[in-house]
Amino acid sequence: PSPLLSGRAAGRALRPGEPLSGISVQQADFLTLLRQFGIKRTNQSWDETHFGKMGSYYINRTFFFDVHPPLGKMLIGLAGYLSGYDGTFPFQKPGDRYEQHNYIGMRGFCAFLGSCLVPFAYLTVLELSKSLPAALLAAFILIFDTGCITLSQYILLDPILMFFLMAAVLSMVKCNSCADRPFSASWWLWLSLTGVSLAGAMGVKFVGLFVVLLVGLNTVYDLWDLLGNLSLSLVMFGKHLLARVLCLIVLPLALYTAIFAVHFAVLNRSGPGDGFFSSAFQSQLIGNNLHNVSVPEHLAYGSVVTMKNLRMAGGYLHSHWHLYPEGIGARQQQVTAYLHKDLNNLWIIKKHDSDTDLSDPSSPVEFVRHGDIIRLEHKETSRNLHSHQHEAPLTRKHFQVTGYGINGTGDSNDFWRIEVVGRKTGKLIKVLRSQVRLTHVATGCILGSSGKTLPKWGWEQVEVTCTPYLKETPNSLWNFEDHINPKLPNISLDVLKPSFAEILLESHMVMIRGNSGLKPKDNEVTSKPWHWPINYQGLRFSGVNETDYRVYLLGNPVIWWLNLVTIGLYLLITVCTAVALKRGVQLTSELKELSRVVLRAGGQITLGWLLHYLPFFMMGRVLYFHHYFPAMLFSSMLTGITWDAVLKFCAGFLSPSTTARRVYGGGFLALVLLILYSFYLFHPLSYGMIGPMASNPSSPMAGLRWMDSWEF
């Protein structure tokens, strides 16, 4: 849809041909054309700061960490690379202008995939219902939904995810329609495309697993139906089973694995994601301090080291000048686990009973051995690693860990026994390869990382505690990564190279933990799943005041409330139809076919909606409004199928046929006009608003603020 429908002076979208300051008329005309495809303005918005930056990382081959699988960001980076973007824009915060940077290719790529949702929905509904009006209604809903337009016009993962999701559903439906000619070329094509689309959906976000489940349930149903077909031999059934295993399990897994292989091959340079991964993995990244370096093999007193927790994304043992706040144990220096490289991760290994300056070149080398009692002095602040019987800040049954003392002088609570897993007393401790635990001498507790994120006062770093529960878990195990000691000979770290399988497993463990630990940012609008179907609250994409160019993610209210009403209507129709069939009510051939479409086609779509919506009620991570859009695709297709069936049912009771056609056509036209008019009212949400906020009674948009929770 074009901004040609613009209305209201202060809350309108920019008109085609309207000049922008500082550019020529020809450039303005070109930008206007791009705006009509939803690729507008030169300011970054909302999550473009994340996914645009990750596209830049691919172009620069810089390793990073994200909680989602890599395919979506890889495609964004590829689109930017092919369209001339050089990967130099910093993507720091929403509102920053792109200036001369060529961002159009990345936005255009996402807009193209978003536009594909319309024909995918049209073809899916047409295949399921065999009704052109039902397919057109579903297509109109997606064309004129302000939420879908907004999501599709920026550099985001959502249009890429929804593209693969809808491609998988369409391919599944097309494959089902070829059931009467199994193993034909078209049957193999659609079955294979289903597998490819499943790999794509999983490769963009983990919520792609929901469409995998949908296809899996459909496949189980088909196989169960084939098993009951006594005219089908068991050999032929085995062929059906093998074909589905190959195309829907082996093929998607192979492609999914290949995505990660490309991901790790491209991102071969050290970057901001290094600290989330193990020391062995980091040693393969060009520019990492562990890459192609030699370090002393065995730990010695006087060595400067960093210690990395062995739990996935456990972080480095870290301290800084900030103290624990009042009421949080003893008000001593904070000790945390930090996921990034930092000078505050450096510690000096010292004897527990001596302050001798071991950096003196003339002093003899003394190696640290399994079972030794040591003291760890923080290099930056000269305070010792310390614990005592105060409660830890978050894990109340554990003891607090702090930095204590002045210039290395503390007390007996600074003493730790160092032990290597599976080694005998007196054995030397190896850098990187030895898994060690530190036992607090005074209390007997073990140093560990709880994995919990501290509040703002702890800079959202990871809590470090001393646990009295002597379980040998990755939380309480550490290895020494950096090792600086000029008095010792060095060895190469090439022996640590991990296998691809180990890297793949580690990356998934890190992503899963990262997903579960997501917390909302300051002033960030989060939402709850029950908010979503009722369009309770949108999401501000850009702009916060009257002079800003504002885009607001909110579904077209008429469409979303129509979808919500339709879900209830569909359930009522399904129950009535099922009861009528159970009671043996005689139906005409037309009504029988209508019942089949409602129960079978509508049932598949409703199952898709449930699988993409209900799981969010069980998730512990932070949730946002845009998480509902995959489910919204299914509710929109269900609306097309349901209202087509309702209008046909109503028209079936009328005669002559011309009256029935008028009722059916009039009802369909009324729905389309309602959708068009609602888009006319709300299109500035997607194409941008300038002027007073809608909460101001003088704003031309104030009359459209139908719910107080809307903040456009």
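Please read every residue number as a count from 1 along the shown chain.
A Cβ is built for glycine as well, from the same backbone N, Cα and C atoms used for every other residue.
Record features, source TrEMBL:
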type: DOMAIN; residues: 296-352; note: domain 'MIR'
type: DOMAIN; residues: 365-421; note: domain 'MIR'
type: DOMAIN; residues: 426-483; note: domain 'MIR'
type: TRANSMEM; residues: 63-84; note: transmembrane segment
type: TRANSMEM; residues: 104-125; note: transmembrane segment
type: TRANSMEM; residues: 132-154; note: transmembrane segment
type: TRANSMEM; residues: 188-221; note: transmembrane segment
type: TRANSMEM; residues: 241-267; note: transmembrane segment
type: TRANSMEM; residues: 558-581; note: transmembrane segment
type: TRANSMEM; residues: 601-618; note: transmembrane segment
type: TRANSMEM; residues: 663-682; note: transmembrane segment
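Remark: secondary structure over the domain 'MIR' (296-352) totals 3 helix, 28 strand, 26 coil, with classes taken from DSSP. 188-221 is the stretch from 132-154, 188-221, 663-682 with the greatest number of Cβ pairs below 8 Å to the transmembrane segment (601-618). Here the transmembrane segment (663-682) sits against the transmembrane segment (132-154); at least 3 CB pairs are under 8 Å, leaving out pairs fewer than 6 apart in sequence. Counting C-beta pairs under 8 angstroms (sequence separation of 6 or more), the transmembrane segment (188-221) fails to reach the transmembrane segment (132-154), with fewer than 3 such pairs.
Cβ atoms under 8 Å from those of the transmembrane segment (241-267) belong to residues 57-58, 61-64, 69-71, 74, 183, 188, 191-192, 194-196, 198-200, 202-203, 212, 215-216, 219, 223, 500, 503-504, 507 of the same chain, restricted to positions at least 6 beyond its ends.
Mapped onto DSSP helix, strand and coil, the domain 'MIR' (426-483) counts 6 helix, 27 strand, 25 coil. Mapped onto DSSP helix, strand and coil, the domain 'MIR' (365-421) counts 3 helix, 29 strand, 25 coil.
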